[in-house]
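Inspection log for the structure reproduced underneath, given as structure tokens.
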Amino acid sequence: MGHNGSWVSPNTSHPRNTSGAQAGANSSAFGELSEAQLYRQFTTTVQVVIFIGSLLGNFTVLWSTCRTTVFKSVTNRFIKNLACSGICASVVCVPFDIILSTSPHCCWWIYTMLFCKVLKFLHKVFCSVTVLSFPAIALDRYYSVLYPLERKISDAKSRELVMYIWAHAVVASVPVFAVTNVADIYATSTCTEVWSNSLGHLVYVLIYNVTTVIVPVAVVFLFLILIRRALSASQKKKVIIAALRTPQNTISIPYASQREAELHATLLSMVTVFILCSVPYATLVVYQTVLNVPNTSVFLLLTAIWLPKVSLLANPVLFLTVNRSVRKCLVGTLVQLHHRYSRRNVVSTGSGVVEPSLEPSMRSGSQLLEMFHIGQQQIFKPSEDEEESEAKYLGSTDFQAKEVLTSSPEGEESQLAPSVPPPGTVDSVSRVSPVAPVEPGIFPDKYSLQFGFGPFELPPQWLSETRNSKKRLLPPLGNTPEELIQTKVPRVSRVERKMSRNNKVSIFPKVDS
């Protein structure tokens, strides 16, 4: 029985082992699918961030180069070209790759042959323009350092160079219409699901990557090395000695300012980020084209989709952060916009109703009147005697107002008696007329019984009653602003100078006849 039991046990345990192996395989496959799905979601999120940041950053670069004159016109043209190509690549490449990364079979119309070829052509063009803009900027930097007092690249030559960049990109991208399964740096989706390898496709991939990617990047590093060598101390010494030996020839001494050094660092950082982010793309091209491996890893494919697009975001970020002059201009412009916006908020426009809770500067619509009012209060502070006299006068006027109110009949409507102006406004000719009758108890300050306030009212120190006050600030030239303005300052007699025969200056005072 034990033998039978031992014999049955392996027979019964074998199906259990096979079912366990199948369950383990299913669980591992499910784990891989879940990891791939999580990585796909991460890829989609990163591409959305790159899309928004690239558009905002490149538009900011365009705005800063158009608004400020930090760099020369030739350098600005190349930077604008790089920013425009980044915007176009972000608009054309990123959205469709986001859709394909989310769900590869969601949009069937993307896989139509005509639409796919046109889309891949635009991908190639904008990617090529972005890469070819790097050596153009490096060439401009090389000439500006080696010949700081000369202009080797004129505006016409820079326009021709930009036209060549776009023509090169278009010519290098035209074969996409003949080859369907072509992947580029910023978009790795293909027009056919089955990868077909051919000799023509291999030749095109090699020629394109050598002429449009590898050679331009090598030229950038070559120019940067030449710039570094020209700025070295030994090379400068040789140039100075040669200039001293041949003074009749004009020899330029290499020079790089702080601004140009920052631009060199920006260019080097851009190219370095581009190379590092393009490593997954290069690996994918080698796998599919050279090694002819059709079934590549999903993780490699997704990494080759999102990682090269980081350079679209890194280019404007590096340009706006590394260059101190650009950063200062950008911050200054933002501060000016903030001041202008806050000033517009302070000055209320469009509504005629004024809230009583607002400050006087907001009620008036301008801060000048409030500043004038504060200045008057600080300069013309009443003395103790003046405060006592004003208090007595206010008490007498309150008593008179009460008598008028008690003497009026009860059946009639009570009308507000015209307030007697204080002594401070008796001689004023330019007093502001009241808009509405004001009760004396609303304004408890020294101007309580004045019906209006304006910048042309006379302070108490200008009036005849307070002429002998110690706090007078003006001489007694008149009582009103008109009299003060009409007073004439005595003319100072001019002194005549005459030259004698001995070249001596004689000064004769002019006598009024």
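Every residue, even glycine, has its Cβ placed from backbone N, Cα and C.
The topological domain 'Extracellular' feature in Swiss-Prot is assigned to 1-41 (among others).
As annotated by Swiss-Prot, region 'Disordered' applies to 1-25 (among others).
Sequence annotations record features per position, and here Swiss-Prot assigns N-linked glycosylation site to Asn4 (among others) based on sequence analysis.
Taken from Swiss-Prot, the feature N-linked glycosylation site applies to Asn11 (among others), supported by sequence analysis.
Taken from Swiss-Prot, the feature N-linked glycosylation site applies to Asn17 (among others).
The N-linked glycosylation site feature in Swiss-Prot is assigned to Asn26 (among others).
What Swiss-Prot records for 42-64 (among others) is transmembrane segment.
As annotated by Swiss-Prot, topological domain 'Cytoplasmic' applies to 65-77 (among others), with the evidence given as a curator's inference.
Positions annotated as transmembrane segment by Swiss-Prot: 78-98 (among others).
Feature annotation from Swiss-Prot assigns topological domain 'Extracellular' to 99-108 (among others); the stated evidence is a curator's inference.
Here Swiss-Prot flags 109-129 (among others) as transmembrane segment.
Per Swiss-Prot, the feature topological domain 'Cytoplasmic' maps to 130-157 (among others); the stated evidence is a curator's inference. Long-range neighbours of the topological domain 'Cytoplasmic' (130-157) within the same chain, counting only residues 6 or more positions beyond its ends whose Cβ lies under 8 Å from a Cβ of the stretch, are 72-75, 77-79, 81-82, 85-86, 89, 165, 168-169, 185, 212-213, 216-217, 219-220, 223-224, 226-227, 230-231, 252-256, 260, 263-264, 267, 270-271, 274, 311-312, 315.
Tertiary neighbourhood of the transmembrane segment (158-177): same-chain residues 73-74, 77-78, 81, 117, 120-121, 124-126, 128-129, 132-133, 136, 140, 204, 208, 211-212, selected by CB-CB distance under 8 Å and a gap of 6+ residues from either end. What Swiss-Prot records for 158-177 (among others) is transmembrane segment.
Taken from Swiss-Prot, the feature topological domain 'Extracellular' applies to 178-204 (among others), supported by a curator's inference.
For 205-225 (among others), the entry in Swiss-Prot reads transmembrane segment. Non-local neighbours of the transmembrane segment (205-225) in the same chain are 124, 128, 131-132, 134-135, 138-139, 141-142, 168-169, 172, 175, 182, 185, 264, 267-268, 271, 274-275, 278, 285, 289; each lies 6+ residues outside the stretch with a CB under 8 Å from one of its CB atoms.
Annotation comment: Swiss-Prot describes 226-264 (among others) as topological domain 'Cytoplasmic'.
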Which stretch from 42-64, 78-98, 302-322 shares the most C-beta pairs under 8 Å with the transmembrane segment (265-285)?
302-322
What are the DSSP helix, strand and coil residue counts for the topological domain 'Cytoplasmic' (130-157)?
20 helix, 0 strand, 8 coil
Average pLDDT across the topological domain 'Extracellular' (286-301)?
74
Let's see if you can do this one: DSSP helix, strand and coil counts over the topological domain 'Extracellular' (286-301), in that order.
9 helix, 0 strand, 7 coil
